[in-house]
Amino acid sequence: MKLSKRIENLPPYLFVQISKKIAEKRAKGEDVISFAIGDPDLPTPKHILAELCKAAEDPSNHRYPETEGLPVLRKAMAEWYQKRFGVKLNPDTEVLPLIGSKEGIGHAAWCFLDPGDIALVPNPAYPVYAISSQLAGAEVFNLPLNKGNNFLPNLEAIPQNILSKAKVLWINYPNNPTGAVAGLSFFQEVANFAAKHNLAVCHDGPYSEIAFDGYKPVSFLEADGAKDVGIEFHSLSKSYNMTGWRIGMAVGNAKMIDALRRFKSNLDSGIPQAIQLMAIAALNGSQEIINQNCAIYQRRRDRLVEALRNIGMEVTAPKASLYIWAPVPESYTSASFATELLDKTGVVVTPGTGYGTAGEGYIRLSLTVPDEQIEKGIAKLAGYKKSS
């Protein structure tokens, strides 16, 4: 059987490879501490689970849901955006529930790109931005993110011959993998740039509720004219510890939202209604879980940053997100240092090159590791310093 060229050319997904390597080590009886994957270890709050259990008992929730989601869910999403960011959204035309934001990100490329178009994609970045663009037949032009520019793309450096074919601009703040943040002035620059060059902006903002030291991330949609040029993807996964329930949202430009809705209606059957109802409980209920999460992640961030500095790494503590972006020691590549840490200590980190060529020289560590495992990992890192 011959597979399609798009599948033959599709690289293995980064985190599948990492999970496989961890499983192989553990199958051999090795003690492995993984800081590789950003999947919250904290439980979904009980009041949210209670709504799920209640909804699951109702036979009306056992049938096909609608692609566009329950009106009451779209209303809850719009009201949450109004309260959190001061952004007004029409729940009927500017809000679309998603089966996790990754699903919407993957589908967006098919809505806004034709073969031969160019997608402007940060590098390093969450791999799905580039992969989905390539699957849709578009070319990817990388926008390097580097420390010298606070891991923000230099939009004015994009060549005119690229801009003439570019249709989509991807941005993501608080950023994965760098942990960088962007203020309203940057988002305003993006909105103005997109309007000038007729670009559709896709902002991925799932980490807006994971921030430290009193910092409060803003939404791209707070910028003047942002809704005229783009949409924002958000997720309940990180905010409410709901990665396993698969629910997120796309909000913003009505034309883009309608395109995504039409595409999805031909490919999926929507989000199970019981999960939609638990999402309403999350959005409308107490938001104290967000403060509790941030306090836990900040404590873990501080412990890990200290441990990395103790083995000689020059690490900047992130203001937000679930990740520490750490430069590797001189004479190492991202991959060689990650491999040495795994072989010598049993600590798993993600090589920066897993997020693009501009990730060379860095590793990423996730804060979604139980405290006990964090301390074990720190002890292993201390042992690495003694042996090196």
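Placed from the backbone N, Cα and C atoms, the Cβ positions cover glycine too.
In Swiss-Prot this protein carries:
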type: BINDING; residues: Tyr13, Gly38, Lys102, Tyr126, Asn176, Arg364; note: substrate binding site
type: BINDING; residues: Ser101, Lys102, Tyr126, Asn176, Tyr207, Ser235, Leu236, Ser237, Arg246; note: pyridoxal 5'-phosphate binding site
type: MOD_RES; residues: Lys238; note: N6-(pyridoxal phosphate)lysine
Remark   = Reading the DSSP string in three states, the entry for Ser101 (pyridoxal 5'-phosphate binding site) is helix
Message = DSSP secondary structure for Arg364 (substrate binding site), reduced to helix/strand/coil, please.
response = strand
Ask   = Near Tyr207 (pyridoxal 5'-phosphate binding site), which of the recorded positions Gly38, Lys102, Tyr126, Asn176, Lys238, Arg364 can be found within 10 Å, Cα to Cα?
value = Asn176, Lys238
Remark   = Once DSSP output is merged into helix, strand and coil, Tyr126 (substrate binding site) belongs to coil
Task = Report, in whole Å, the straight Cα-to-Cα distance of Gly38 (substrate binding site) from Lys238 (N6-(pyridoxal phosphate)lysine).
result = 9
Query = At its widest, how many Å does the recorded pyridoxal 5'-phosphate site span between Cα atoms of Ser101, Lys102, Tyr126, Asn176, Tyr207, Ser235, Leu236, Ser237, Arg246?
reply = 19
Message = Please report the Cα separation of Arg364 (substrate binding site) and Arg246 (pyridoxal 5'-phosphate binding site) in Å, rounded to an integer.
response = 24
